Amino acid sequence: MAQDSVLNALDGAKTQWYHFTAVIVAGMGFFTDAYDLFSIANVTKLLGRIYYTVEGSKKPGSLPPNVSMAVNGVALCGTLVGQIFFGWLGDKLGRKKVYGMTLALMVIASMGSALSFGATPKGVISTLCFFRFWLGFGIGGDYPLSATIMSEYANKKTRGAFIAAVFAMQGFGILFGGIVSLMFSTAFDHAYKAPPYNVDAKASLPPQADYVWRVILMFGALPAAMTFYSRAKMPETARYTALVAKNAEQAAADMSKVLQVELEADKRPKASARLSNNYGLFSGEFARRHGLHLLGTSATWFLLDIAFYSQNLFQKDIYSAVGWLPPAAEMNAIQEVYAVARAQVLIALCGTVPGYWFTVAFIDILGRFFIQLMGFFFMTVFMFALAIPYDHWTKKENTIGFLTMYALTFFFANFGPNATTFIVPAEIFPARLRSTCHGLSAAAGKAGAIVGAFGFMYLAQSKDPSKVDKGYPTGIGMRNCLILLGVINFVGMLFTFLVPEAKGKSLEEISGENEDQEGDQTTTST
């Protein structure tokens, strides 16, 4: 086949500077994704104070349940739609053509999220939700495109590490979101001194606090804008050009430029592709070859994100439940932003970021299957270890132990299924369906995130009506929520057995495309 020399050269190419450049360019999209998705958790309590405080109330204002659901979940809904749409579009038009669109959309929507039409709660929240949906839509496109581009550029020896490195930028995005929130909340708190709510309710909310959440959200546009030009200049992946566009000569030329190797494509007449090499997503052939694989990648991502996003978006509630955050009434509005952001930064430093980079270091040594199975297993163990003696952990003297255990669940999520569910769908499906299947798997994950975000919001409420947040019904309590998340992680461990190991294999070998190519060659020679 004309593309054989191109594909073999890609698989055997030495690690070069361009591989690292691609990690940075693709990874900055994920840096921005994480910043935009998780920084909202730092400002939701502030939004409640600004727009929903009732004069004379003993407690600061908080977002009503329906508003909190919309603010926290609308970006996830947009992400789900974007993953499916841009995943499909990436296979139809090529990775490069739609790659810049997602970043431009993220920049515009980040800026728009910080703006508002009018000063009423309804106007501000409606505008925020509108732009966060489109922000999520752009973020959704980044998942299948970044993973697919990196997998198709990388060699087979270090492919897992490079895809994992792109995804690991998410950890830095979460950390950066917390740091930015700390910086601006500290600056505003020093500039505009305000007493705690229980000392002077009205004075505890200075008018300038409205700028804090806007600046934090708007800051997400900066890293995306910085890499827009570099992303637009990236060439189409050689695998897409050779296997899908059927232009091996162009693929060789593109690869020679970026990987600094001299390669000339075989110019013999191309063999006609067999029918088995053209099966579609909804065909029986796809179901036979990859049906269980798609079920495995989708189910594991769905179950993982129920636990992962419920933990991330509602860290602030867990910290309050164990007494690590002071009661809201003992802080002013800006100090509460600082307290929530500090907790996010500490968890990111101790558990989230190290977990991602452990995956980068060991993914091509231990393999995807082992790391995913191990991660789900330890997440299950630590969830039950937190839940069963929950009353013990809520005592003030045991707070550090609780936070250590909680950080370890994040560590093994990221040195585990949170990374591998992103990596594997970019490796095991044929090139012409790779972006689509990754988008579908990722969308299943975001469906899990929506279930986790919305469900956890209600389920985590206390069984004691006197301790329930205003506007919420009673729930099952934090302890039972942690037990439920432990069970979900265990089921994710079982679904991992449907996912094949891709370590050390070429993309064509693991997806079965090389079998079709061999069949084409046999037919031609006959």
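Glycine too: its Cβ is placed from the backbone N, Cα and C atoms.
Just so you know, TrEMBL annotations never went through curation; they're auto-generated.
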Exercise. When you get a sec, could you say which of 300-319, 400-419 is annotated transmembrane segment by TrEMBL?
Key: 400-419
Quiz item: Does the transmembrane segment (98-117) come near the transmembrane segment (211-229), with 3+ Cβ pairs under 8 Å (pairs 6 or more apart)?
Solution: yes
Quiz item: Looking at 211-229, 345-363, 369-388, 439-460, which one has the highest count of Cβ pairs under 8 angstroms to the transmembrane segment (400-419)?
Solution: 345-363
Quiz prompt | Maximum Cβ pairs under 8 Å to the transmembrane segment (439-460) - stretch from the list 67-86, 345-363, 369-388 | solution = 67-86
Exercise. Grab the pLDDT values for the domain 'Major facilitator superfamily (MFS) profile' (22-504) and give me their mean, rounded.
Key: 86
